[in-house]
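Asker: Before I ask anything, let me first share the structure, which is written out below as C-alpha cells.
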Amino acid sequence: MEANQCPLVVEPSYPDLVINVGEVTLGEENRKKLQKIQRDQEKERVMRAACALLNSGGGVIRMAKKVEHPVEMGLDLEQSLRELIQSSDLQAFFETKQQGRCFYIFVKSWSSGPFPEDRSVKPRLCSLSSSLYRRSETSVRSMDSREAFCFLKTKRKPKILEEGPFHKIHKGVYQELPNSDPADPNSDPADLIFQKDYLEYGEILPFPESQLVEFKQFSTKHFQEYVKRTIPEYVPAFANTGGGYLFIGVDDKSREVLGCAKENVDPDSLRRKIEQAIYKLPCVHFCQPQRPITFTLKIVNVLKRGELYGYACMIRVNPFCCAVFSEAPNSWIVEDKYVCSLTTEKWVGMMTDTDPDLLQLSEDFECQLSLSSGPPLSRPVYSKKGLEHKKELQQLLFSVPPGYLRYTPESLWRDLISEHRGLEELINKQMQPFFRGILIFSRSWAVDLNLQEKPGVICDALLIAQNSTPILYTILREQDAEGQDYCTRTAFTLKQKLVNMGGYTGKVCVRAKVLCLSPESSAEALEAAVSPMDYPASYSLAGTQHMEALLQSLVIVLLGFRSLLSDQLGCEVLNLLTAQQYEIFSRSLRKNRELFVHGLPGSGKTIMAMKIMEKIRNVFHCEAHRILYVCENQPLRNFISDRNICRAETRKTFLRENFEHIQHIVIDEAQNFRTEDGDWYGKAKSITRRAKGGPGILWIFLDYFQTSHLDCSGLPPLSDQYPREELTRIVRNADPIAKYLQKEMQVIRSNPSFNIPTGCLEVFPEAEWSQGVQGTLRIKKYLTVEQIMTCVADTCRRFFDRGYSPKDVAVLVSTAKEVEHYKYELLKAMRKKRVVQLSDACDMLGDHIVLDSVRRFSGLERSIVFGIHPRTADPAILPNVLICLASRAKQHLYIFPWGGH
C-alpha cells in the first residue's frame, strides 16, 4: 500500500467497516450552490470511502448533514457511484438510510463474475481511475476498470519461453517502429519527418493526426503544467497501443509547424523535463527481462527564412511489452483500519489474480471457491476429490431445519446449560422472535476466528435465522466494561471473514449483542445492543437459500486452512478440514488438556497438530515460544519451525535440554519415538503439569501402522492412552496408492510386530477411503541400480514436461547411509536427462528433488515418490516401512523392490 494514506479512518466501535467522511452537503439544489472545489472535495471523500469498502468486503459510509429532515444524495454523487461500479443498478451495491443528521450509505462488497446488463466479466477491483490510457484513432482515451481488466488480461498472455524443464517464463514481445527509407514511396511520412534535423516555420506536415500521430502546440508560460499533464497521458497511450509519434509545436487543426520562439524556451531544459516525466511513468511487467519504456526524443530547430526561430519537439514511442501507467491507479482499500491507496504493482496483481493453473489441482482437488466469482480479497479454496464439498459439510455441521430453530452443537448446549443455571431461560427468551434457523454455540467464537479468548465469557452464539440479519450473542458471567468491545470485535472479524475468506457475495452484516447472566437471579439478564445502525431490509436472510449460502461461507471460515501447496504455487490457497478433523479441532482445550489422537496414514495428523497449536495461542494467550512441537526427525522439525507458530524440536533435543518457558506440548509421529535417551513421555507430562494456573496442553498424534522400529516407543499402554480420538478418514492419497495401503495395513493387522499394542489396530475396519483421485502405482522388479536411476530420471522428465516441478518429487531409500550410496548414480542419470540437483528433506521449500530416507521423510509428503530398495533389518516391520513410504505419495508412487521382493 502507499504510505500516503487518505485521512479517512474506520470507526472502531462498530461490528462492520464504518468510514466517517465528515460533513457532506446533500441535496441536488444544495450541491449546485457549492463552489466547484468544495463539491469536488466532498465527492472525492465519499468516492474514496465507497471504493475502499467495495474492495474490502463492504461496510458503511457515515456522513454528517446540515439538516435533520430527509434529503436526497445529489445527482453528482449518484452518477459517480454508478461510474464506480460501472452499472446503472445502484441498489445492487449501495443503499441509503437517514437517521437525524446522519446519512448512511450501506455498501455491499464487490465481487467478480458477469455484469448483469451484458454478461461481460467484472474486473477484480473497483477503481476511481485506472491511470491507463490507450489511443482510439486520433484521441487518447482513459480505460475504465472494465477496459483495464481486459487490457491487462491480454497483456498477461504473451508468448511463453520455456527455460529448463519446469520454469515457464513469460517472454515479452518487444517491437520498435520501423525506420523509413526516403526513397521508398511506401515509407511512413511521419517517420520521414521524424528523421529530419530541422523544420520550417509555417510548413504544413503532409499527414493528418491518426492513431499513430498526435500534434500539440504549447505555450511556454505554462510549460511545467503542460509537461505534467500531456506527457503522462500521450506517451503511455502510444506505448499501450502499438507505438506512435507525438509532435509538439505543430497546430493540430492546420498541421502547421509553429514551434516555440527561441527566446521563450531552453532546449536542454525542455529535454530534461520531458525525459524526467517519461522516466517517472509507472511500468508493470508480466515478462522477463523487464525492460524500460523505449522512446526517442528529438528537439529540432524551427527555421524561419533560413534563420533560427525556435524549437519543436518530436517523440517517437515504441510499443511496450506490458503496461505503462500515467500514475498509480486511483484505487483504495481498507488496511489496519486506514483507507489506503493501492500501489501500481499491488493493483495490477489484484486485478490479474486468477486461480492457480496447476495440473495437480485439477487432478487432485475440486474448487470450492474461485477467484472468478469471489470478492477482491478472497483466496481460492480447494477440497480433495472424494471429500465433502462445502455444501455437504454445511449440511453435516450446520443444517437448517425445515420449520423450527435448532441449537447446535447439541452436546455443547447440554454442557452449557448444565454448568450455568439460568442460561437456558435467557437464551430461549432471546430466541422468541425467531421461528426458523440455527443457533451455533461456541465456548469462544473469538478463538474459532483466530482471535484471543476473553476470560469471563460463558459462551458465544451465532444466530442465522430467517428474516433476520445474523446476530452474534456474547453471554458474560457478570457485567464487564470490555464485554461489548469483545463482542463487537468478534462480530466484526466474523463479518469480514464471511466475505473475504468465505467468499459470501450477498449483502451481509453481523449484529453484536451482549447478554449478562446475573449470578443473583437466573431470570435476570442485562443486555446491550452494540450496533445502533438500522440496516436495510435486504441485509436480512430471506429464506433457506440465503441462509445456506451464508453457512457455506461459514464452513470455509471455520474449516479453511492454508494449504501446503501455497509455498509450491507461490500464492495462497486454502484447503478444508474434513468433518471428522473439525470435530476434534473444535473440542474445548480447557476440557481436553491431554489427548491421544490415533490417525491412520494420510488422515491429516500433522495438519491437525499445526491447527491445534494456533488454537492454543488464542485460548491461553501465550506466545509461540511457549508452545513446543516435538517430532522424531529433523526435516519435519524444520518444516514446522518455518511456520513460526511454535518452537519445534526433535525428541533427542527435547530430552537433552531444559524447557523452562514451555507451557504446552504437541507431539507428532509418536509411534516412532524411542526411550534410548530417556522417558520423553514422563518429561512432557511434568512440563505441562508444572504451571500454577492448571496443567497445560499435551496432545499426542500417532499411528501404529507406521511404526518403523522394534524398540520401545515410550508411549503409555494403550489402556492408559485416554482420552483418545481417532482419525479414520484417509485424505492424502490417490486411489491406487490407497488400495496398496489397505493391503499392507491388512498384512500388519494380521501379523503385527511384538512392540505394537494389542487392540490398537482395530481402527482399521473403520477406515474411510476418499475415492475419485486418479494416480499411479508402479512396482518395478528385477532392475539394476543403473536401470532404476535411468527410470527415475526418465519419469521425472515426463512429469516436468507435463507441468510438474522438482518440488513435487521425493526419492526415498531405506536408511540415511544409503542416501550417499545412491546419490552419485542418481545424479549421473539426472544429468544425462538435463534434470536438476538433489537435496535432503531438511529443505522442503527448495526447488529441488528430495533424496532422503523413508524414516527422515516421515510426516512430510510429495506428489511423486520413488521408493528405491525398501528393506529393513527385521522382516517383521517391512510392511510398516512400506506404509511409511507409500503414504508419503499423494498421487504417483513408484517402488523398486530389493531383489525383486
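Using the three backbone atoms N, Cα and C, a Cβ is placed for every residue, glycine included.
Annotations per Swiss-Prot:
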- Glu209, Glu214: Mg(2+) binding site (BINDING)
- Lys216: active site (ACT_SITE)
- His285, Cys287, Cys321, Cys322: Zn(2+) binding site (BINDING)
- Gly599, Leu600, Pro601, Gly602, Ser603, Gly604, Lys605, Thr606: ATP binding site (BINDING)
Asker: Please name the residue among the recorded positions Lys216, His285, Lys605 whose C-beta has the most neighbouring C-beta atoms within 10 angstroms.
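Answerer: That would be Lys605, with the highest Cβ count within 10 Å.
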Asker: Using an 8 Å cut-off from the Cβ centroid of Gly599, Leu600, Pro601, Gly602, Ser603, Gly604, Lys605, Thr606, can you name the remaining same-chain residues around the ATP site, in sequence order?
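Answerer: Along the chain, the qualifying residues are Asp703, Leu727, Ile730, Val731, Arg732, Ser887.
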Asker: For the binding-site residues Glu209, Glu214, which Cβ has the most other Cβ atoms within 10 Å, all shown protein chains included?
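Answerer: Result of the Cβ crowding comparison: Glu214.
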Asker: Sort Gly599 (ATP binding site) into helix, strand or coil using the DSSP assignment.
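Answerer: In the DSSP reduction, Gly599 (ATP binding site) maps to strand.
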Asker: Other Cβ atoms within 10 Å is the metric here; tell me which of the binding-site residues Ser603, Thr606 scores highest.
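Answerer: The residue with the densest Cβ neighbourhood is Ser603.
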Asker: Out of Glu209, Lys216, Cys287, Cys321, Cys322, the recorded positions in the record, which is closest to Ser603 (ATP binding site) when you go by Cα distance?
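Answerer: If we rank Glu209, Lys216, Cys287, Cys321, Cys322 by Cα distance to Ser603 (ATP binding site), first place goes to Cys287.
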Asker: In whole Å, how far does the CA atom of Cys322 (Zn(2+) binding site) lie from that of the residue listed as 'active site'?
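Answerer: Pair distance, Cα basis, whole Å: 26 Å.
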Asker: How long is the line from the C-alpha of Gly602 (ATP binding site) to the C-alpha of Glu214 (Mg(2+) binding site), rounded to the nearest angstrom?
Answerer: 65
Asker: Which state, by DSSP, holds Thr606 (ATP binding site): helix, strand or coil?
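Answerer: DSSP assigns Thr606 (ATP binding site) to helix.
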Asker: Could you state the CA-to-CA distance between Leu600 (ATP binding site) and Cys287 (Zn(2+) binding site) to the nearest Å?
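Answerer: On Cα coordinates alone, these residues lie 45 Å apart.
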Asker: For Glu214 (Mg(2+) binding site), which of the listed binding-site residues (His285, Cys287, Cys321, Gly599, Pro601, Thr606) have their CA atom within 10 A of its CA?
Answerer: none
Asker: So among Lys216, Gly599, Pro601, Gly604, Lys605, all listed as recorded positions, which is physically nearest to Cys321 (Zn(2+) binding site)? Use the C-alpha atoms.
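Answerer: Result: the closest of the recorded positions to Cys321 (Zn(2+) binding site) is Lys216.
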Asker: How many other Cβ atoms are found within 10 Å of the Cβ atom of Cys287 (Zn(2+) binding site), counting all protein chains shown?
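Answerer: 20, counting other Cβ atoms within 10 Å of Cys287 (Zn(2+) binding site).
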Asker: In whole Å, note down how far the CA of the residue listed as 'active site' lies from the CA of Glu209 (Mg(2+) binding site).
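Answerer: For Glu209 (Mg(2+) binding site) versus the residue listed as 'active site', the Cα atoms are 10 Å apart.
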